[in-house]
Amino acid sequence: MVFKPKSTPLYLSGLFFFHNSKRFLRTISTHCSAKYDEENDRNHEIRNQQHHLYLYKSKGQHLLTNTRILDAIIRRSNIGPTDTVLEIGPGTGNLTVKLLEAAEKVVAVEIDARMVDVLHKRVADIGLQDRLHVICKDAMKAEFPQFDLVVANIPYGISSPLIGKLVYGGNPFRSATLLLQKEFARRLLAKPGDSEFNRLAVNVKLVADVEFVMDVSKREFLPCPKVDSSVVIIRPKNEIPDINLNEWCAFTRTCFSKKNKTLGATFKQKKKVMQLLKLTETTSLMRENALTGHNHECDEYYDGNNEEENTNGEDSFASSTSDLELNLFKEKIVGILKKGGFEDKRPSKLSNEELLHLLSLFNQAGIYFHDHVKPNNANVDFAAAYVS
């Protein structure tokens, strides 16, 4: 049993952990306090209700148990009494209860129906059930209602696509206070020139600012994960560059495919030259069709997302493209890089402003990385856009 004096019960008694969802690992045991009678009774009641609820490490079910850290997260989130807070992965509600005490409403998205049952019972016990709305669904598939803030200890496995869904989704919000794997948080906070600097940081910082709050030891979770965590706050920018976001994501995918290679080396590769030439000609034809109203047939556009689907089309395009045409297009690309002073630059050392400038040079020359004719769509492919 777990007894936390002078704090809200953490709903951990009766929980068992399975390693890799197959074998029994251990029951919870922590330091106890002599002053635990009231919480002992409550925890005993909870254990009977839960019938030995199992937590699965393989599903990222790690409960934050340190109330001081929970309180610090609430303070730094700056929750107002009229705010609606979105929480992803509430688990048994250690953070949820504190959110309900500070906010007007909490929308909790939880995929595990067992956790939902525990959460409903716990909130009902303190009389705050009218302020909680639970969505029992995969957070990556759920449609989020309107909210003001995000405060969550999110499963590590969906950190990247979930952040993409938040910052590039259609729901405006003030900030997202997230508990993340420490290594992932470092990548998110990285700056040009840092060894951790990557496409994730580039894409997120185009539309949001990221602030480090604090590190959290793995010992503060049950079951104990293998790595430490960090709390960060993501704040969407009031103004973002007026660019096609799909084009930007396709461009950064190309640049950061080998982030420490020079851009000259990346863009001189025959396969990459062929891809860009095909996309440029396809985009040019589509733009012509849009202007003239004609509907000439053309191959599906290429943006680097579906390598396998485009293999046959690329082979056909390569066979119909002369070496002269390919070399001329390659010289055009190299000329753009030289014009901007980017030929010997490495993506891992470039700021967003420099990358935006390079993208504009390519686009001005009629070279695109994504179907430029399609309308600008903020709801990009999140999983593909943020895995670097």
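Every residue gets a Cβ built from N, Cα and C, even glycine.
The S-adenosyl-L-methionine binding site feature in TrEMBL is assigned to His62, Leu64, Gly89, Glu110, Asp138, Asn153. Residues or ranges marked as domain 'Ribosomal RNA adenine methylase transferase N-terminal' in TrEMBL: 69-238.
Around His62 (S-adenosyl-L-methionine binding site), the same-chain residues at least 6 positions away in sequence with a Cβ under 8 Å from its Cβ are Leu55, Asn153, Phe221, Leu222, Pro223, Cys224, Pro225. Mean model confidence for the domain 'Ribosomal RNA adenine methylase transferase N-terminal' (69-238) is a pLDDT of 96.
Remark: of the binding-site residues Glu110, Asp138, the most isolated position is Asp138 (fewest other Cβ atoms within 10 Å of its Cβ).
Comparing the binding-site residues Leu64, Gly89, Asn153 on other C-beta atoms within 10 angstroms of each C-beta gives the minimum for Leu64.
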